[in-house]
Amino acid sequence: MDLRQFLMCLSLCTAFALSKPTEKKDRVHHEPQLSDKVHNDAQNFDYDHDAFLGAEEAKSFDQLTPEESKERLGKIVSKIDDDKDGFVTVDELKGWIKFAQKRWIHEDVERQWKGHDLNEDGLVSWEEYKNATYGYVLDDPDPDDGFNYKQMMVRDERRFKMADKDGDLIATKEEFTAFLHPEEYDYMKDIVVQETMEDIDKNADGFIDLEEYIGDMYSHDGNADEPEWVKTEREQFVEFRDKNRDGKMDKEETKDWILPSDYDHAEAEARHLVYESDQNKDGKLTKEEIVDKYDLFVGSQATDFGEALVRHDEF
């Protein structure tokens, strides 16, 4: 096995290698927390800072003077105002908050983009992705590595075609993001459900029964008793997952399980920020209204810590 094959196998095996038989595998795609801080504006605005900027970027604003914070906040506002009409709406603010919280996704896409846009034309074709990902292992397969690369490639191609909205087999940056992180896009959620069901549905009848459901998240270790969480999951399946009580989950029931429609924290925070900053109560914010409430959005220190501090200038 050459180095490329080894690295590919390593990446595929990592999740399995780190798992223990009694550990629970979580199939549910959770929305990330906006902040791990308590949301109490009467004490401080730390939660709002984390939500608006992302936790790491919020730390960099703590190093700035009020004047510097206002200047950088003004630049951010221009980016939030998508339609450039001079106002920031709840929807635009919600979109920004979601972007700030999911910046790691964009960083992952940028990293992978460089390795797959082989001709550097600002697009990634299916052929480029296939050659970069599967070229070596398909040309010289190792029968002992335990992976069916042709099957994996077929599955990747199906997902790529789903992400590729115009059907030209060439992905833009946005389409490539949908391919790599389909759970983040509404139009990709069916493929997330389909792939999940294919993984779990061992008898290929198009449903997930109780034993398949438990078998996916728990590997029985010899004669050991089942952990309590496994018993709880059995109860969850019967009481909540299998909504029509037919002993198995269909596509809709599986979708409700792995892609729950939880409370939208980003929208709640966006509405809160608009409510607190909207001086003329027209339901949207101007740059001036946002900068006037800079302490709510980004905060700052009252003093300049000097040149010794390393400041991040992503914005």
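Just so you know, the numbers here start at 1 and follow the chain as drawn.
Yeah, the Cβs are placed from backbone N, Cα and C, and that goes for glycine too.
The structure displayed is predicted, hence computed values, not measured ones.
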Site co-member for Ca(2+) 3 according to Swiss-Prot, given Asp164, Asp166, Asp168, out of Glu157, Glu174, Glu175: Glu175
Record feature phosphoserine (Swiss-Prot), assigned residue among Ser35, Ser69: Ser69
Feature N6-acetyllysine, as given in Swiss-Prot - residue among Lys94, Lys98, Lys150, Lys165: Lys165
Motif 'Prevents secretion from ER' per Swiss-Prot - which of 28-31, 56-59, 304-307, 312-315: 312-315
Identity of the Ca(2+) 2-site residue among Glu107, Glu110, Glu128 (reference: Asp117, Asn119, Asp121, source: Swiss-Prot): Glu128
Neighbour tally for Glu212 (Ca(2+) 4 binding site), based on other Cβ positions within 10 Å of its Cβ: 18
Candidates 68-103, 104-139, 229-264, 265-300; stretch with most C-beta pairs under 8 Å toward the domain 'EF-hand 3' (151-186): 104-139
For Ser261 (phosphoserine), nearby residues of its own chain (Cβ under 8 Å, 6 or more apart in sequence): none
Candidate recorded positions Ser69, Lys165, Asn203, Asp205, Glu212, pick with smallest Cα gap to Ser277 (phosphoserine): Ser69
DSSP-derived structure type at Ser69 (phosphoserine), helix or strand or else coil: helix
Listed in sequence order, residues with CB under 8 A of Asp205 (Ca(2+) 4 binding site) and six or more positions away: none
Of Ser69, Asn203, Ser277 (the recorded positions), the residue whose Cβ has the fewest other Cβ atoms within 10 Å: Asn203
